[in-house]
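Chemist: Before we start, here is the structure in question, set down as structure tokens.
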Amino acid sequence: MKIKSLEGLRGIAAFIVVIFHYFTNFYPALVNANPDQLHTYNGIELKIAVSPLNVLYNGSFSVYIFFVLSGFVLSYKYFKTNDSSIITASAIKRYPRLMIPVFFSVLCFYLLYKIELPWVTNNISNFSFMNALREGTYASFFSVNNYYNPVLWTMHFEFFGSFLVFGFCLIFGSARNRIWFYLLVTFIFWSTPYLAFILGMFICDMKNNLSLKINSRFFLFTLSIIALFLGSYPNVVGKVDSTIGIDDTIYSFLNFFKNPEIFYHSFGAAILLIVVLNSQKASKLLSNQFFQFLGKISFSMYLTHVLTITFFSHFFFNYLHMNAGLSYKFSFVIMLVLSLIIIFSFSYFMERYIDRNAVKFSAFVYKSYFVELIESKPDVIKKQTLDNSRSIS
């Protein structure tokens with residue numbers, strides 16, 4: 001069962017990642033705060049890059065929203081029912097559900113590079129179908145180094161983060177004192193992307209088992225401000241040459257430990273999730289038709305938007321700016337609008353014919369080869385889980 005507000009939040013996060021990558025390519029100073037890469041006369045990019053306004057296009061924050069949502073959604077049915085077979089089924093279905101869309105995205109990159117378009121440079125070493133097959137089927141999940149589709153670095157964390165959630169639910173999910181185990185895994189993973197999965201799972205546990213509800217509008221507003229401020233923690237880190245570093249910004253007081261952006265973006269995303277779950281206004285807004293559309297195509301859009309940037313957007317922008325003589329800003333706007341139309345259209349196609357069938361295929365694999373084994377012994381599975389829980393409570 002999908003929660004509409006969370007589907008809408010996922011859609012917005014995916015769209016922000018798209019915008020982030022367009023700014024990275026065409027207005028890089030908005031991302032890295034490098035004065036040598038300005039494209040405006042007044043240098044406003046530098047001010048926005050290190051201000052809370054960057055939350056509007058902060059791709060890193062959006063990725064951690066994905067991770068927090070995964071932690072919440074993957075544990076939702078379990079904490080609703082306390083049925084361990086749900087976790088087992090989800091774990092079995094997870095790989096084919098992720099692999100099929102991932103492989104399709106890599107295949108698209110391979111085929112378009114194979115065409116050898118004159119305006120595209122292929123810098124992939126050992127370019128071959130077998131390497132593309134390798135990246136699309138398993139390397140993306142077991143390595144953060146990807147050569148065909150650069151956004152697949154997140155699949156490593158998405159895959160192992162999913163199994164971190166599954167494992168925690170099976171081992172500690174019914175323990176009476178599991179709060180201590182939440183604290184333990186938080187301490188272990190606090191400077192890694194897996195922190196976001198743990199926070200999402202914890203919020204789901206609290207919502208379903210403690211019926212945690214926040215009614216104060218002022219408190220929710222305050223949490224929103226905190227979430228967006230943490231989410232706007234800039235991508236720039238250390239000062240290099242003439243660039244702006246964190247210590248030159250209003251975020252300097254937060255820069256006192258390793259990988260601060262992971263910590264702040266994870267907690268910012270978690271707090272934002274709490275707000276969405278408790279705010280009727282936020283829930284209603286995120287449930288509107290456009291955000292639901294973005295949510296439906298979010299995974300496909302995330303996986304394939306770089307295709308459009310690589311094989312169309314740069315070429316079309318250069319044509320408008322260099323050949324047609326349009327200004328940099330006007331060329332960017334026209335290019336972005338047309339690119340988004342292409343991205344939305346292709347993502348809709350992929351969601352309908354690839355992503356949706358990946359979900360069906362993963363369910364088919366489970367029902368064909370595992371369902372009898374799992375569901376014929378549900379009491380055994382539950383007993384093992386309860387025994388684990390009793391031994392650690």
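The first residue you see is number 1, and the count goes up from there.
Positions of Cβ are set from backbone N, Cα and C atoms, glycine also.
Sequence annotations record features per position, and here TrEMBL assigns domain 'Acyltransferase 3' to 4-344. Residues or ranges marked as transmembrane segment in TrEMBL: 12-30, 55-74, 95-113, 151-173, 179-204, 216-233, 262-278, 299-320, 326-350.
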Chemist: Between the transmembrane segment (262-278) and the transmembrane segment (151-173), are there three or more CB pairs that fall under 8 A, provided the residues in each pair are separated by 6 or more in sequence?
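Modeler: Touching, no - the transmembrane segment (151-173) and the transmembrane segment (262-278) miss the threshold of 3 or more Cβ pairs under 8 Å.
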Chemist: Residues of the same chain, at least six outside the transmembrane segment (55-74), with any C-beta under 8 angstroms of its C-beta?
Modeler: 3, 6, 9-10, 13-14, 16-17, 19-21, 23-24, 30, 90, 154, 157-158, 161-162, 165-166, 193, 196-204, 228-229, 231-235, 261-262, 265-266, 268-270, 272-273, 302
Chemist: Taking only the residues in the domain 'Acyltransferase 3' (4-344), give me the average pLDDT of this model.
Modeler: 94
